[in-house]
Amino acid sequence: MLLDRRAIAVNSILAILLAFSAIASLASGSLSISVPDILLTLQGNGSTIHSFVIQELRLPRFAAGALSGAALALAGCLMQTLARNRLATPGIIGIDNAATAFAVASIVSTTISLAPSAMALAGAATATAVAFGLAGATGTRGYRFIIAGLAIGAVSGAVTQVMLSGVALDDANAAYPWTVGSLNARNPTSVIVLTVGLGIGYLLSLAVRRGLSTLQLPESVAVSLGTRPGRVRFAALALSVLMTGFAVSVAGPVGLIALLGPELARTVSRPGRIPLTASALAGALLMTLSDLAGRTLLEPLEIPVGIVTALAGSPYLLWILLRKSPDISR
């Protein structure tokens with residue numbers, strides 16, 4: 001049967017939950033807005049204050065969260081499938097830290113004219129290129145690639161701290177959201193760029209999914225089925241990097257979404273499938289709910305979404321480790 005009914009049901013449920021998350025995000029905050037008023041505002045018939053709050057503040061923020069969460073989870077699903085390890089994430093090759101370092105540099109430097117989001121995207125691309133260069137002929141398969149990524153992440157993190165330690169307090173405060181992950185005051189232009197990038201990346205991910213599925217078999221079998229393992233691995237890794245770069249360029253280094261989104265999707269999806277769509281929807285849902293919690297639970301204090309995901313996701317990560325490795329305590 002061409003249609004997977006379980007996949008359709010799972011994706012539909014996740015989409016409905018995401019819609020409820022959107023309503024809650026638009027309604028909640030220092031100014032509570034009722035659902036009828038939200039609908040009127042979205043139709044262009046709302047009051048001036050409601051139009052400003054929803055169209056200028058909350059809607060762009062929700063869109064940024066949903067899109068960046070989807071991109072991170074999609075990247076995580078590709079990376080985990082490629083590595084055959086559910087704990088693998090794109091951050092293993094230092095993408096997050098490098099993107100953060102470049103974004104902070106654009107804020108604290110007087111000679112860089114590019115916006116932080118553009119610099120973050122450049123940082124992600126640079127980290128990937130350097131990792132490939134240091135890995136040499138081993139490509140993505142050898143241990144050198146992993147070691148190179150870890151080194152890039154460590155160096156990038158150190159560079160970020162050095163830059164922040166030598167700037168004025170105002171500049172450090174401006175750069176702070178880029179070090180922890182935040183959706184506050186997102187640029188609509190960067191959201192549009194993320195939309196385009198996610199759309200292209202998602203379609204290409206669907207195209208590479210069959211090749212990734214055959215790579216779960218012994219490589220000799222995959223080759224006999226017409227798959228070119230090297231090309232498939234490179235394409236999957238490139239797409240994972242692309243999605244992570246676009247997400248970090250908007251939201252900063254939000255941790256654990258790339259891990260938890262695919263894990264949630266696999267839990268509710270049919271075994272043996274690569275749940276790309278479910279991962280993207282789950283990532284969007286987790287990101288938007290985390291941001292909603294961060295800005296409403298301790299109001300008027302706002303907790304950056306990256307801190308919320310770390311606090312909420314760490315216990316779940318520990319549970320995954322214990323569940324996947326029952327003898328870890330031995």
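Placed from the backbone N, Cα and C atoms, the Cβ positions cover glycine too.
Unlike curated records, TrEMBL annotations are generated automatically.
Residues annotated as transmembrane segment in TrEMBL: 62-79 (among others).
Residues or ranges marked as transmembrane segment by TrEMBL: 91-112 (among others). Residues of the same chain lying 6 or more positions beyond the ends of the transmembrane segment (91-112) and with a Cβ under 8 Å from any Cβ of it are 79, 118-124, 126-128, 131, 145-146, 148-157, 159-160, 163-164, 167, 171-172, 174-175, 178-179, 241, 244-245, 248-249, 252-253, 255, 258.
What TrEMBL lists as transmembrane segment is 118-138 (among others). With a cut-off of 8 Å between Cβ atoms, the residues of this chain six or more beyond the transmembrane segment (118-138) that come close are 93-95, 97-103, 105-106, 112, 144-145, 148-149, 151-153, 156, 178, 238, 241, 244-246, 248-249, 252.
Residues of the same chain lying 6 or more positions beyond the ends of the transmembrane segment (145-169) and with a Cβ under 8 Å from any Cβ of it are 91-94, 96-98, 100-101, 104-105, 108, 123, 127, 130-132, 134-135, 138-139, 175, 179. Annotation source TrEMBL lists transmembrane segment at 145-169 (among others).
Residues or ranges marked as transmembrane segment by TrEMBL: 189-208 (among others).
The transmembrane segment annotation in TrEMBL covers 234-260 (among others).
Summarising the annotation, TrEMBL assigns transmembrane segment to 301-322 (among others). Same-chain residues lying 6+ beyond the ends of the transmembrane segment (301-322) with a Cβ under 8 Å from its Cβ atoms: 65, 86-87, 177, 180-184, 251-257, 259-260, 263, 286-287, 290-291, 293-295, 328.
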